[in-house]
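Database features, via TrEMBL:
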type	residues	note
TRANSMEM	18-36	transmembrane segment
TRANSMEM	42-61	transmembrane segment
TRANSMEM	68-90	transmembrane segment
TRANSMEM	96-115	transmembrane segment
TRANSMEM	122-144	transmembrane segment
TRANSMEM	150-168	transmembrane segment
REGION	212-250	region 'Disordered'
COMPBIAS	212-221	compositional bias 'Low complexity'
COMPBIAS	231-250	compositional bias 'Basic and acidic residues'
Amino acid sequence: MPEQTQTFESTQAEAVKVLGLATLAISVVMVAFIIFEKGNVVLALGGAVLFSAVALIAGRLPARTSRILTAQALVGTAITFNAALMGHALQIDSHMLYFAVLAMIVAMNGIRALLLAAGTIAVHHLVLTFAMPALVYPTLSLSLNIERTLMHAVIVVMETAALAYMIIKRIELNRILEEGNAKTLAAAEDVRQALASAQQEKTRAEAALTEAQKATEQAAESGRVAQDALRSNEEAQQERDAMRADEERARTNRDQALAHLLDVFGRHLDQLSSGDLSTRISTDLHPDYEGLRTSFNDTVTRLGHAMKEVREQSGSMQVQSGEIAASANDLSTRTERQAAALANIAQSVQELNASLNTVAVDSADARKLAEATSGDAAEGSAIMEQAVRAMRGIEESSNEINKITGVIDDIAFQTNLLALNAGVEAARAGEAGRGFAVVASEVRALAQRSSDAAREINLLIGKSSQQVSSGADLVDKTGQALGGIKESVDKITRRLQSSADAMTTQSRQLSDVNTSISELEGVTQQNTAMFEETTAANSLLSNSAQALSDMVSIFVTDATIGMPMTGENDGYAKAS
């Protein structure tokens, strides 16, 4: 049961107990007053005992029954007091107790108890006016008593109507407060669930961001591995360059072309390891590689020209044939080493290609996870919007309650004015209206308490409305934060997509490079075979040199074999 309902019912039960004790107190005062005024003590004492017992026992009965019996006990006490003053000058003043009793019954907030009490008073006055008027009025004039009964009935009806309206409004206000409390609890639960869902979505987004960071770190690590492999290749290339420093200019040019190719790969891999995913290997590399292979073929061609020059210069051939054979053997050995180095480079490029493929797959997975996180964040934002609308509805209900409390305050003000007018009329009546003035004062005090209670309720509702508005603002800010998370996740998704596309492109380009290196390895092996054939031919030339020695004896043996040449491959001829 909501706390508001418990407070209202406990207030009713407490009012029953208080009015039970009030009945006992009124009975004691009534008996003392009757004894002092020399009224009917037996009737007063009997009524006091009977109705006090009923009021005290009523507190132990069910709620509605206890309120009705307590109200009847109060009315019975007033009837007893009226009858005990039979024939006394103050008997007409005892009627003020009826009005006071009706006002006291309002404290129990029981509409049935109030109406039954008013009905009991009406039946009592109507019946006894004709049956035993002495128990009601001090005079026996039937016409005067009827006029008094009608006047009292009108006053009782007016007071009962006002009090009944007040009770109805209190009950309606309590119902509205219960509904508002239930809506507030439901909205609070919705907000709690929405915040929990937002926290879960935030956790998922953080996890997705962590996965993306891990994928980025793996990509960086792969780049560092590739850079290390390239650095190792560069160091090996430098060693090979130092060993081939004394080779022919053709060999030097070819190694320079290969070093240039590796240098281009080194620059681009350095850019990749530094995190620049927009780097691309330019298409100029492939023509450069074809130029290197063409240079090598030109070297072989120039070597053939050199051999022709040797045949033409038979005198020098006899002297240098042994040196040519030794140089050819050395060149064949180094070419074999170059083929092995190219095989190692091809394997490194394959491993780098596999690493890039793995990074591309991880980037695609991270992108899918980021897209799912973005959808969850959008759903959490929609839940926040629903919570804000629910809180705005609660705030509107609070405004309606404020209007109702304003009506109650106006009723209390009007009741206060009526009580004030009744007091003025009682003052004009003098001694005869003193009792009525007391009742009017009590009614006025009761109206003031009702007004104070209405204002307190209005203040509480105002605070509740402010808290609900603050809660709506917080939920709205939470929705905006979720929107920011969604935008960040979308940015991460786009960047991951770009990274995956770049990785795929680089993997495809490395595959092309690997194919080219494999072709270069085949060409190098063919060159090795050609050098072996050259060695065999040089042996034949060496055998023929003796036969030609007489023919070339006219030549100078220390003459320059290779004449200076122009063009980018001059070094090949000089080395030959």
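Every residue gets a Cβ built from N, Cα and C, even glycine.
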Q) Given the transmembrane segment (122-144), which of the listed stretches 18-36, 42-61, 150-168 has the most Cβ pairs that are under 8 Å apart from it? A) 150-168
**Q.** Considering the transmembrane segment (68-90), which listed stretch of 18-36, 42-61, 150-168 counts the most C-beta pairs under 8 Å
**A.** 42-61
Q) Sequence-remote contacts (6 or more beyond its ends) of the transmembrane segment (42-61), Cβ cut-off under 8 Å? A) 13, 16-17, 19-20, 23-24, 27-28, 30-31, 34-35, 67, 69-70, 72-74, 76-77, 79-81, 83-84
